[in-house]
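Enquirer: Take a look at the following structure, please.
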Ligand code: SF4
């Protein structure tokens, strides 16, 4: 599905490299591979051993970086970030990496996730005299590090991480060290690779492939990694808890060519499609997937049922972005511009339309209508994840509960609203089977809170602050 029209948005992507002559350029390419995780802002900070050099801006990587910038981004270490900004949090000052100066030296921070106690910590910090300049919760961590009684950076970061709660995958670059940390439940993905002796860190492994780096391992929940000219060292800042990796990374967000926690995303989506076919079979003539993220699940559904997979919907890749258009009518027009139903494939056919999820339902209704206008006699919608009934507090903008169609309507009511001939969702059990079956659930468990309401961390009354998402 198309993120910008669906109302379901990833918050960020982080990439870093240590010990490479072309650190800024490698980071630029790495961020390109992570562009789907955020299109609102991008930045790269480098270290030449004495100073940090930053360039960032609003927009896509190609809007923010031209050739000139790279001559200024000196050094063999770099930290980069792509950002999706929620309403009210999209100003230039919130584009990461954020650079801070203190008695401990300079530090640049980039973050993927959301701290559930950021607002509480911000109030505490301000009461103690800190002045926060941005509305990003990343800055809260910076102030906690600055105020730590520890002089050494690693200890200061470790003690600051002990105070924050929620989902976070952090990169932190100083003049002479790179630090990387993942929250104790490992809600967000973060991997380590190597490129000709240089260490590489990325939110997704697809960024390793684009620069020719080799995957080494995952950053572990509760792990703080320090990389400098002496190599890589690791310590635990918290005991690892039952892993609850975001299942939506598999369902929708991550690129199909990425491996997360040892499982390829395309393969997991195919399994979701197969599980869905087992749970909700239907007689039909063709199966089609909503491009791009639902195609793998549609192939799985087709393989399991024997109904041929066809390209019944295609995406026009060269239309302008439409998510900033304010009205529903214009957003729906955006769907029409971006997706076309292929008449020659669907005309006179009973079509199974596989999609990864339904958020507000407006996009699904529009796509069902596109297929029927193109001559489909029946449209059976199959969703490769359970109904999204609850908001996410961990860095994914899922819309508020009131906007989520499944929190206010039964499956039958949703079917009617989107105009489908039948509608079925994958169960939470089916989703879990697709991702963790046969594996140690302590290490491979997933969060399904937006489906089930079982949040893996404490949620504070003032947690939902869109402007605080990083
Ligand atoms: S609530 Fe949903 S979107 Fe948020 S981390 Fe959990 S699975 Fe992912």
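Note: Cβ is positioned from N, Cα and C throughout, glycine not excepted.
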Enquirer: Taking TrEMBL at its word that 355, 356 bind Mg(2+), choose the one of 293, 296, 410 listed for that site.
Expert: 293
Enquirer: Given TrEMBL annotates 246, 447, 450 as [4Fe-4S] cluster-binding, which of 12, 392 belongs to that site as well?
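Expert: TrEMBL names 392 for this [4Fe-4S] cluster site.
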Enquirer: Neighbour count first, Cβ atoms within 10 Å, every protein chain included; then name which of 447, 450 tops the list of binding-site residues.
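Expert: It comes out as 450.
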Enquirer: List the residues in the vicinity of the [4Fe-4S] cluster site, defined as same-chain residues other than 246, 392, 447, 450 with C-beta within 8 angstroms of the site's C-beta centre.
Expert: 187, 247, 248, 394, 396, 398, 448, 449
Enquirer: State which of the following binding-site residues has the fewest other Cβ atoms within 10 Å around its Cβ: 355, 356.
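Expert: Among the binding-site residues 355, 356, the lowest count of other Cβ atoms within 10 Å belongs to 355.
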Enquirer: Taking DSSP three-state, what's residue 450 ([4Fe-4S] cluster binding site) in: helix, strand or coil?
Expert: helix
Enquirer: Quick check for the class: what is the C-alpha distance, in angstrom and rounded, between residue 355 (Mg(2+) binding site) and residue 450 ([4Fe-4S] cluster binding site)?
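Expert: Residue 450 ([4Fe-4S] cluster binding site) has its Cα 17 Å from the Cα of residue 355 (Mg(2+) binding site).
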Enquirer: Filtering 246, 293, 392, 450 (binding-site residues) by proximity to ligand 1: which pass a Cβ cutoff of under 6 Å to any of its atoms?
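Expert: Once distances to ligand 1 are taken from each Cβ, 246, 392, 450 fall under 6 Å.
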Enquirer: Among the recorded positions 12, 392, point out the residue whose Cβ has the most other Cβ atoms within 10 Å, with all shown protein chains included in the count.
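Expert: The residue with the most neighbouring Cβ atoms within 10 Å is 12.
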Enquirer: Identify, among the binding-site residues 246, 293, the residue whose Cβ has the fewest other Cβ atoms within 10 Å in this structure.
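Expert: Result for the binding-site residues 246, 293: minimum number of other Cβ atoms within 10 Å at 293.
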